[in-house]
Amino acid sequence: MTQTLADMRRDYTRDGLTEAQSPDEPFALFHTWFDDAVKTEQPPVEANAMTLATVDEQGRPHCRVLLLKGLDTQGFTFFTNYESAKGQQLAARPFAAMTFFWPTLERQVRIEGRVEKVSAQESDAYYQVRPLGSRLGAWASPQSRVIADRDELEGLIRQTEQRFADTQPHCPEHWGGYRLLPERIEFWQGRSSRLHDRLNYRSVDGRWTRERLAP
């Protein structure tokens, strides 16, 4: 018999999360959990994959999966086309939420905060270490815009390859990084009977407070 959606579930029994295990600020815990994910998660799961949610000018939410490409005590960095749908949404409403899910570890992290562009120098530094095809794609693809078909896209790629046939492509002005400056970070550890552990960090006047949330 085919399993129905209502019957699809798994119990979480791997680990717990206590206040005693958790530092006073969230970045150290995120680093620990991220390192655990890198060591534990196997393809097709990518440890740095996260869902990014933004809101358009009408208040409608949009989400998509991206890759985290930078992390420091300021925040979480990702790169994209500034003229894409998410780029336009962030220009109008510079706030976003990220969610990381690591199924093997039965862990999830939710991050919310304000978003700002990184410097042109930081964007260029990352752009230059990307594979050549990805660098050309940043020039060729009019991201999020309607195109006729795949042939149109491949034609744009060929034009871009010809344009940079004798030189290395540089970072286009319409492409670069954003940094999410976290105001809230929640760590979720799956537990048995859906009685999950949830530790929530909030930034208040530049200082982090920690609290437990009911599952």
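Heads up, the Cβ atoms here are built off N, Cα and C, so glycines get one too.
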Residue among Gln3, Gln21, Gln108 sharing the FMN site, where Swiss-Prot lists Arg64, Val65, Leu66, Leu67, Leu68, Lys69, Phe79, Thr80, Lys86, Gln143, Ser144, Trp188, Arg198 as binders: Gln108
Integer Cα-Cα distance in angstrom, Leu66 (FMN binding site) to Arg130 (substrate binding site): 15
Alpha-carbon spacing, Gln143 (FMN binding site) to Arg194 (substrate binding site), which is rounded to whole Å: 40
Rounded to the nearest Å - Cα separation of Arg9 (substrate binding site) and Trp188 (FMN binding site): 17
Binding-site residues near Trp188 (FMN binding site) (Cα-Cα within 10 Å), from Asp11, Lys69, Arg130, Arg194: none
For Asp11 (substrate binding site), nearby residues of its own chain (Cβ under 8 Å, 6 or more apart in sequence): Ser192, Ser193
